[in-house]
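Worksheet for the structure shown next.
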């Protein structure tokens, strides 16, 4: 009853729902009560302050969105400085085109420029791959050098210094590490790691050899200093010191001397330059081991020879080495010489046997040794050689070699570097003024130009740019005068008298000066009788035995070798010239004159 009367007194009928306004008649009443709770001493509320701060913040943002005059001028100044620095870099780049080569490097890493590399001039950085060769002209700053890729058609540009390459490598490793960490935080990786912990399993640790290998690859320097011109070294068909090998190599040296007259230095090297490994020269503890061993050359002699080869290459002439001790490309793979290995190849062992037997009993008794050496060379992969000469005729082999060397000459002498090399002029003048020397029996004797001083260390000792961490950005040749690499004026101009037109009778050096004494004039010894394809002999000295024209019986065995595709010269521009054909007569041209053209 009371409840009914109470309900009847209400302003709304019982059938209708009670609106919320009954509890809060004014819409602002609820908020006013809450505002009252957060009133400050000054009478303002937190909501008022918040709304005011929103207004102020919006007005500040709208104000700062419009750049001021000082900001615009600062940006313009920055752009002007960038353009001025780029203009100066382009001017220095243009001047460097005619400057001589300071030094050369072989790359151990590749580089492909990206916009974030901060190149002094965008679009002028040099792209290179591992095992490429670079000619460095000068240092631009600590991060960049000026040089060019040794390839036909390539001009000078900016090359990252070892410091720059190391910083790029560290940045790349940091990015990869962050990516691995982010990927390891995913659910799959976390659950798998939890499973490892629960089950007690443990990830296998890499073996010690793998760790050592990884450690060694981390410390490989980005560049190795090499001669400015790669020296040419002949190997094959068998061992040097035996008549067949010496005869065939002598014919090629004769050809090189005449074909590249004025552009090539041919010198004999008697020291065992295979000892000039970077690991040996840079490790004093290994010097004692080498000195105690029964090697034919001391380290001092080896260092002297390496030093001499580097100095000859500074003239940017072709350098050909008649190296007595080099019979396999692996002997020089760990040295700083980076030679052009020319392989004279006789594919058929029977042909080589016939040639060795034709030289007489003194050579036949060493037949097995020579055949074994030839087989070792034949087992090498083609990548170990720069040129493989397996032509049957000497003229074809000579043209094949000349084609490669002409391409290399163009790659190292771009048209932009037209001014003559002052080092070449100085060297040629020194050679012209030198008196006719006596036959050189010991090639290790020093022949210093006037005022020259011997180096304390061989050039091969600092074959790596990375070995001077305090001067990584400074290339050799630009070091202070007290630095071993900075003594350009103290290096020997012509330290061996047999380099230019040396004539030592009875030695292999006579191959460089007397083409008439070459194997191309050799005839058959009458005591042995002419071979199946030999011309009528007679009247020749006994030392000149046999000819390479007596091998027609084995023509069918060599036919499969005639279709070999020659390797394209790595220094040629894209779309090189046609490759010369092969003649069918087997080894006939090796017994004919090649200069009557």
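Backbone N, Cα and C atoms are what each Cβ position is placed from, and that goes for glycine too.
Taken from Swiss-Prot, the feature compositional bias 'Low complexity' applies to 43-53 (among others).
Residues or ranges marked as phosphoserine in Swiss-Prot: 44 (among others).
What Swiss-Prot records for 47 (among others) is phosphoserine, and it gives similarity to another entry as the kind of evidence.
If you look up Swiss-Prot, you'll see 54-71 marked as compositional bias 'Polar residues'.
Swiss-Prot lists 73 (among others) with the feature phosphoserine, giving similarity to another entry as the kind of evidence. Look at residue 73 (phosphoserine): DSSP puts it in a helix. Cβ neighbours within 10 Å of residue 73 (phosphoserine), excluding its own Cβ and spanning all shown chains: 10.
For the domain 'SH3' (100-169), residue counts in helix, strand and coil come to 11 helix, 25 strand, 34 coil, using DSSP. Annotation comment: Swiss-Prot describes 100-169 as domain 'SH3', evidence class sequence analysis.
The annotation compositional bias 'Low complexity' is assigned in Swiss-Prot to 182-193 (among others).
For 186 (among others), the entry in Swiss-Prot reads phosphoserine.
The phosphoserine feature in Swiss-Prot is assigned to 193 (among others); the stated evidence is similarity to another entry.
The annotation compositional bias 'Gly residues' is assigned in Swiss-Prot to 530-540.
For 547 (among others), the entry in Swiss-Prot reads phosphoserine, with the evidence type a large-scale study or a structure entry.
Positions annotated as compositional bias 'Acidic residues' by Swiss-Prot: 548-558.
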* **Taken over the domain 'SH3' (100-169), the model's mean pLDDT** => 95
